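First comes the structure, then the notes that go with it.
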Amino acid sequence: MSFHHLCSSPSSLLHDPLPLCNLLSVYPKSTPRSFLSSYNPNSSHFHSRNLLQATHVSVQEAIPQSEKSKLVDVDLPIPEPTASKSYVWVNPKSPRASQLRRKSYDSRYSSLIKLAESLDACKPNEADVCDVITGFGGKLFEQDAVVTLNNMTNPETAPLVLNNLLETMKPSREVILYNVTMKVFRKSKDLEKSEKLFDEMLERGIKPDNATFTTIISCARQNGVPKRAVEWFEKMSSFGCEPDNVTMAAMIDAYGRAGNVDMALSLYDRARTEKWRIDAVTFSTLIRIYGVSGNYDGCLNIYEEMKALGVKPNLVIYNRLIDSMGRAKRPWQAKIIYKDLITNGFTPNWSTYAALVRAYGRARYGDDALAIYREMKEKGLSLTVILYNTLLSMCADNRYVDEAFEIFQDMKNCETCDPDSWTFSSLITVYACSGRVSEAEAALLQMREAGFEPTLFVLTSVIQCYGKAKQVDDVVRTFDQVLELGITPDDRFCGCLLNVMTQTPSEEIGKLIGCVEKAKPKLGQVVKMLVEEQNCEEGVFKKEASELIDSIGSDVKKAYLNCLIDLCVNLNKLERACEILQLGLEYDIYTGLQSKSATQWSLHLKSLSLGAALTALHVWMNDLSEAALESGEEFPPLLGINTGHGKHKYSDKGLAAVFESHLKELNAPFHEAPDKVGWFLTTSVAAKAWLESRRSAGGVSA
């Protein structure tokens, strides 16, 4: 081991009773190996060299007890013992044993510890420091100086002690004393003093060594300035210093935190190949790197690799993994990691619970999110505005009205945060989805009293609420408020108006047409053509509808077509509904509605509104009838209709429940599959027989 690493373990200095200056004066210094003429981690030289001799230990790692006896400078071999320097066994029962023990170096080490404590406690001026050192009561050797500085903690007096010792003893290896002084600065996280001391070394012509750089690098990491750590690391080669693999492993973390992801991952690849020892902090940084880049599988791979290497995850790692799985919308994996955390004896902290709330809330895992919320309340943990809002948004998505009210009341009563615009928006949306008009109006009033003007999102929810309650006049009044506030309706707002029209009695639809025309003239034109039964030339409606589709965003195209088809079905205009469905197929807005295999033909409806699903069923049955009865095409053994098993966001029923009733009305031979939720199946024989009966009866509409 290089002598400059003796500073990492003061007790190791005590195995040789000789004054260190005697050893240093006899043996010449070895020439340090150069690192690289320029730092290039991709060069074959950089990747293939053994960076250290086997005995090298970094100042950044603890030294095992078994190694302490080996802490001898590779440049300074131990001299052969002479008769004058040989050890003498002392009988512990001897009356002189106590006196001899006091003279032993163990006793001297204790006195050096007390000297370090006295120097820490004295005033930071040269006179007081000199008095303490002079009052030590004996000559200080170079080894004593190293032990003393290594045990100091006061960054104000340490440089004064260093200067005093340099002047009084003229050490042969000054760099060692500088290194242990830097360790004092590292203990107090004083990077500025470390860098200033480095400059002083250069001014005095003292060449820094590996320990100098590793100490400054670790200080920079502790101070949370990874870019400075990178700067110091990249200076090493210019001073002929070569980092050990412990320092290299630490730089994975530093490069990652500094934003140089490519370098961090490059070093990590080397670490795996050369089997460096990587600590949990570095693994945590790697997980963060992959999480920020959106490589969530990479996060899990790092987690599995560290477990395979026997590195135990810490709480920070568990929290980052849970947060990453939340961002990936993988709440089931967040739940598994949380169970690992508990199984391995960790106690979840605020960050753990916050990550779980976000993970479950974003994915609409309502019961799990509420369970974590209640556990936080039981433990007296406060929530932030963002966490409250995440829970309220989840309640809106899951229509948890009572739970939303409970969370909102808790938020108002807590002293740590106040409701903001997002809070009221989510609360109003909860009530709007359930058609609770009075509660939505009360929440809107509270929002205004709190100093927040309603946003377009809020007013969209209010209109949706009035629409569900069939309060058409209030819909019109709210629309006028939007214009009065100078808010420009967007595609989603217009889609909401269109959705309200599908829930409005036909005799009142006329009140809403004017609103739609003002909000989006092209949409108003298409709606008027549907509602007012305008006679137009063939192809005109398709042209107008196509122009509408071209004018709206891709995120709302399907919603618009669903609503237009629903409106057609409500008005009993099946031909127009089929025309709009066909447009959706041509524009690839509706995809994957049908699938065919050798054993089954299927109709997939779960992404459609009720009217669009019924229209698609009508078209499919006509296609089946044409294929079987006119073209003579053979059916596969099974035919199926897949409605899905979820509920619509603003509906109490899912497609499955509605279709079960509708298929019975048609006397269709499709029956719900007991082992496949949301699937209705029939055999080819039964289907053909039913299609024959429909044709005989005059082709009753689906």
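These residue numbers are counts, starting from 1, taken along the chain as shown.
Using N, Cα and C of the backbone, Cβ positions are placed for all residues, glycine too.
The transit peptide annotation in Swiss-Prot covers 1-53.
Summarised by DSSP class, the composition of the repeat 'PPR 1' (174-208) is 27 helix, 0 strand, 8 coil. The repeat 'PPR 1' annotation in Swiss-Prot covers 174-208.
Across the repeat 'PPR 2' (209-243), the model assigns an average pLDDT of 88. Look at Swiss-Prot and you will find 209-243 tagged as repeat 'PPR 2'.
According to Swiss-Prot, the repeat 'PPR 3' annotation covers 244-278.
Residues 249-250, 252-253, 256-257, 261, 264-265, 268, 272, 320-321, 323-325, 327-328, 330, 333, 337, 340, 344 of the same chain, all 6+ positions outside the repeat 'PPR 4' (279-313), place their C-beta atoms under 8 angstroms from a C-beta of that stretch. Feature annotation from Swiss-Prot assigns repeat 'PPR 4' to 279-313.
Among the features that Swiss-Prot reports, repeat 'PPR 5' is placed at 314-348. For the repeat 'PPR 5' (314-348), the residues of the chain that approach it from at least six positions outside its boundaries are 280, 283-284, 287-288, 290-291, 294, 296, 299-300, 303, 306, 355-356, 358-360, 362-363, 365, 368, judged by C-beta separation under 8 angstroms.
Non-local neighbours of the repeat 'PPR 6' (349-383) in the same chain are 315, 318-319, 322-323, 325-326, 329-331, 334-335, 338, 341, 390-391, 393-395, 397-398, 400, 403, 407, 410-411, 414, 416-417; each lies 6+ residues outside the stretch with a CB under 8 Å from one of its CB atoms. What Swiss-Prot lists as repeat 'PPR 6' is 349-383.
Taken from Swiss-Prot, the feature repeat 'PPR 7' covers 384-414. Residues 354, 357-358, 360-362, 364-366, 369-370, 373, 377, 420, 422-423, 426-427, 429-431, 433-434, 436, 439, 649 of the same chain lie 6+ residues outside the repeat 'PPR 7' (384-414) yet bring a C-beta within less than 8 angstroms of a C-beta in it.
As annotated by Swiss-Prot, repeat 'PPR 8' applies to 420-454.
When Cβ-Cβ distances below 8 Å are used as the criterion, the repeat 'PPR 9' (455-489) is approached by residues 421, 424-425, 428-429, 431-433, 435-437, 440-441, 444, 447, 496-497, 499-500, 503-505, 508, 511-512, 515, 518-520, 650 of the same chain, each at least six residues removed from its ends. Sequence annotations record features per position, and here Swiss-Prot assigns repeat 'PPR 9' to 455-489.
Annotation comment: Swiss-Prot describes 603-688 as domain 'Smr', evidence class sequence analysis.
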Per-state residue totals over the repeat 'PPR 7' (384-414) - DSSP helix, strand, coil: 27 helix, 0 strand, 4 coil
Per-state residue totals over the repeat 'PPR 3' (244-278) - DSSP helix, strand, coil: 28 helix, 0 strand, 7 coil
